[in-house]
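First up is the structure itself, then whatever we jot down about it.
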Amino acid sequence: MPTQGPQKRLLGSLNSTSTATPHLGLATNQTGPWCLQVSIPDGLFLSLGLVSLVENVLVVIAITKNRNLHSPMYSFICCLALSDLMVSISMVLETAIILLLEAGALVTRAALVQQLDNVIDVLICGSMVSSLCFLGVIAIDRYISIFYALRYHSIVTLPRARRAIVGIWVASIFFSTLFITYYNHTAVLICLVTFFLAMLALMAILYVHMLTRAYQHAQGIAQLQKRQGSTGQGFCLKGAATLTIILGIFFLCWGPFFLHLTLIVLCPQHPTCSCIFKNFNLYLVLIIFSSIVDPLIYAFRSQELRMTLREVLLCSW
């Protein structure tokens with residue numbers, strides 16, 4: 001993984017075409033006068049990273065503090081928060097090191113910078129893989145709770161949840177190390193893209209099926225209460241909105257990054273693809289934004305978690 005100067009963002013192993021932080025303007029390298037490059041200030045990385053850091057730390061503290069939240073579902077949500085926390089810490093650490101190197105406040109050997117680059121790349125890649133895994137696991141957990149409600153507590157037990165969590169963390173670290181080590185192999189990029197598409201398909205199928213079943217249930221209740229029209233329609237709109245938010249945020253935040261990886265395989269030299277490559281930092285910002293939105297979707301909607309969080313904040317004051 002070649003290091004091309006302190007201004008190069010980490011995770012450069014998955015952005016082999018990047019040579020510097022992009023600036024708003026016209027691209028001249030293999031692109032064309034129409035290519036727009038979006039400038040992402042280092043301050044934005046720091047700000048978003050710190051917001052995500054605070055949010056996810058609060059989620060972890062609230063779930064750890066309240067024993068009523070020590071269930072498989074909240075364990076998965078806590079692990080998702082930890083994964084997002086790793087993304088935030090990695091991005092903040094990366095940006096801080098870049099700023100220190102550029103300011104001359106941190107002087108070190110190129111070999112040490114290279115090793116640090118590899119370590120943070122593994123952390124970022126591992127946290128991304130684990131985040132995607134836990135998003136899929138949360139979808140599976142909700143699916144079982146709806147379609148196998150009576151057997152849910154015998155199917156999703158704490159020991160099984162813990163084994164699944166340990167397996168995901170071990171696999172994430174192992175495969176992220178493998179990905180960063182062999183980043184210049186096409187097979188690695190294909191595996192990452194396939195993994196993303198599999199998670200997207202899994203979440204879409206499960207959530208659409210859950211929405212369909214819940215809507216049918218609401219229709220049955222409405223028929224019994226002689227109010228089929230208003231109740232069913234209202235529930236349908238609310239469920240569709242929730243589904244759109246979950247899948248929309250997932251696709252919009254993660255899709256551009258994996259599109260970037262796909263185009264590296266399909267058209268590494270094409271001018272249009274080269275233009276997309278130059279906005280790599282923008283795709284990282286979207287992933288950080290996902291780590292900010294995840295607690296709002298999966299954690300803070302819980303009334304008990306919000307009450308616990310309020311107690312934690314009041315006690316801290």
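Cβ coordinates come from backbone N, Cα and C, glycine included.
As the structure is a computational prediction, the values presented were derived from the model and not from experiment.
Look at TrEMBL and you will find 44-64 (among others) tagged as transmembrane segment.
What TrEMBL lists as domain 'G-protein coupled receptors family 1 profile' is 55-298.
TrEMBL lists 76-99 (among others) with the feature transmembrane segment.
Per TrEMBL, the feature transmembrane segment maps to 119-140 (among others).
Counting same-chain residues at least six beyond the ends of the transmembrane segment (161-181), those with a Cβ under 8 angstroms from any Cβ of the stretch are 1, 13-14, 72, 75-76, 79, 118, 121-123, 125-130, 133-134, 137, 188, 191-192. The annotation transmembrane segment is assigned in TrEMBL to 161-181 (among others).
Nonlocal intrachain contacts for the transmembrane segment (187-208), taken as residues 6+ away from its ends with a CB within less than 8 angstroms of a stretch CB, comprise 14, 129, 132-133, 135-136, 139-140, 142-143, 178-179, 243, 246-247, 250-251, 254, 258, 261-262, 264-265. Taken from TrEMBL, the feature transmembrane segment applies to 187-208 (among others).
Residues annotated as transmembrane segment in TrEMBL: 235-260 (among others).
Beyond the transmembrane segment (280-300), the same-chain residues lying 6 or more positions past its ends with a Cβ under 8 Å from any Cβ of the stretch are 9, 11, 15, 18, 21-22, 38, 40, 44-45, 48-49, 51-52, 55-56, 58-59, 62-63, 77, 80-81, 84-85, 87-88, 91, 128, 131, 135, 138, 245-246, 249-250, 252-254, 256-257, 260, 306, 309. Summarising the annotation, TrEMBL assigns transmembrane segment to 280-300 (among others).
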- Message: Should anything in the same chain at least six residues away from the transmembrane segment (119-140) have a Cβ under 8 Å from its Cβ atoms, list it; otherwise answer none.
- Response: 1, 10-14, 73, 76-77, 79-80, 82-84, 86-87, 89-91, 93-94, 164, 168-169, 171-173, 175-177, 179-180, 195-196, 199, 202-203, 206-207, 250, 254, 287, 290-291, 294, 298
